[in-house]
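Data first, discussion second: the structure below is written as structure tokens.
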Amino acid sequence: MKILLANPRGFCAGVSRAVETVEKVLEVEKSPVYVRHEVVHNKVVVDSLKKKGVVFVKEVDEVPDDAVCIFSAHGVSLKVEEAAAKKNLVLYDATCPLVTKVHRGVRLASNNDAECILIGHKGHPEVQGTMGQYRSKKGAIYLIESEEDLNKLTIKDPDNLYYATQTTLSVDETQGIIQALKDKYPNIKGPKKEDICYATQNRQTAIKAMLKHIDVLVVVGSQNSSNSNRLKELATLEGIDAYLVDNPKDVDKLWFDNKKVCGVSAGASAPEYLVQQIISQISKVCSTEVEEFEGIKEEVYFPLPRLLKQKIGTGKVE
């Protein structure tokens, strides 16, 4: 059986920045270092950081006053920021800059008393943080996941309306909802460029290009990773068997019975070393040759948080 490796795959610039932020903070600050929420949605990465002394918490209420705390790549609400300030925490913000961009758009809508529609998955930490940017008493923010949700929605002022999206959604699915939004509310405003991040788009494009060449897909990523689940869905929608794994032990020999070509990709929060471990496991259960599938080369880099750059002396505080 041949293995085709999708390109690009794995860590994006926002995840790399978040993980590096935690590792560098461990070097420059005294333990313990607290992180609100999983810094990225990958069990292997989180477990590795726990072993290095990171304490993961659900809320800043669990962090002692004056302690060191890091916000995850998914971002937080204004209430969480205020709670952290009251506790006088030494705060490092690892929010992905592309999520921060979405936050700015929602805050601007709030400041203009515009109602806001957010396309995203209920309960996802990024969505919670984005919803929590809205403060207007005159307007409101609404969360929708589908065109069906949109059809049920009642807006007070369609002429003062803004939309935003979670960054890790399916590009195809979101385009349909956005078009439906524009059809229903012709005067709706939104970001100049769609909020779906470059890494999400690139990884989905890579899978689509590979689909006609494979008959089974393995996506390296955790079950709670939104973007990893979207990659898996692209294959299943085309009738191709697809599996989401974050541990080599999860690989099942039966997946590859009568299969000729296995595609392998990884969500934006899955490290390359884990991809290689899973490829090795696939090779153990069936004879394979591995080939890189040509794709987009990513060269995006996000600098570390300003406070951290100041502490380690690698950059000027702007």
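All positions are counted from 1 along the displayed chain.
Glycine too: its Cβ is placed from the backbone N, Cα and C atoms.
What you see is a predicted model, and the numbers here were worked out from it, not measured in a lab.
For CYS96 ([4Fe-4S] cluster binding site), the count of additional Cβ atoms within 10 Å of its Cβ stands at 26 [all protein chains shown]. If you look up Swiss-Prot, you'll see CYS12, CYS96, CYS197 marked as [4Fe-4S] cluster binding site.
In the three-state DSSP classification, HIS41 ((2E)-4-hydroxy-3-methylbut-2-enyl diphosphate binding site) falls within coil. Here Swiss-Prot flags HIS41, HIS74, HIS124, THR167, SER225, SER226, ASN227, SER269 as (2E)-4-hydroxy-3-methylbut-2-enyl diphosphate binding site.
Around HIS41 ((2E)-4-hydroxy-3-methylbut-2-enyl diphosphate binding site), taking its Cβ as the centre, 30 other Cβ atoms fall within 10 Å, counting all chains. Summarising the annotation, Swiss-Prot assigns dimethylallyl diphosphate binding site to HIS41, HIS74, HIS124, SER225, SER226, ASN227, SER269.
According to DSSP, HIS74 ((2E)-4-hydroxy-3-methylbut-2-enyl diphosphate binding site) is assigned to coil rather than to any helix or strand. The isopentenyl diphosphate binding site annotation in Swiss-Prot covers HIS41, HIS74, HIS124, SER225, SER226, ASN227, SER269, and the record cites sequence analysis as its basis.
Sequence-distant neighbours of GLU126 (active site, proton donor) (same chain, six or more apart, CB under 8 Å from its CB) are HIS74, GLY75, VAL99, GLY120, GLN166, THR167, THR168, SER226, listed in sequence order. In the three-state DSSP reading, GLU126 (active site, proton donor) counts as helix. Per Swiss-Prot, active site, proton donor is recorded for GLU126.
Cβ-based crowding with a 10 Å cutoff singles out SER269 as the top-ranked of the binding-site residues THR167, SER226, ASN227, SER269. Among the residues HIS41, HIS74, HIS124, THR167, SER225, SER226, ASN227, SER269 said to bind (2E)-4-hydroxy-3-methylbut-2-enyl diphosphate, no two Cα atoms are farther apart than 15 Å. Restricting the binding-site residues HIS41, HIS124, ASN227, SER269 to those with a CA within 10 Å of the CA of CYS12 ([4Fe-4S] cluster binding site) leaves SER269, listed by sequence position. Of all the binding-site residues listed here (HIS74, HIS124), the one with the fewest other CB atoms within 10 A of its own CB is HIS124.
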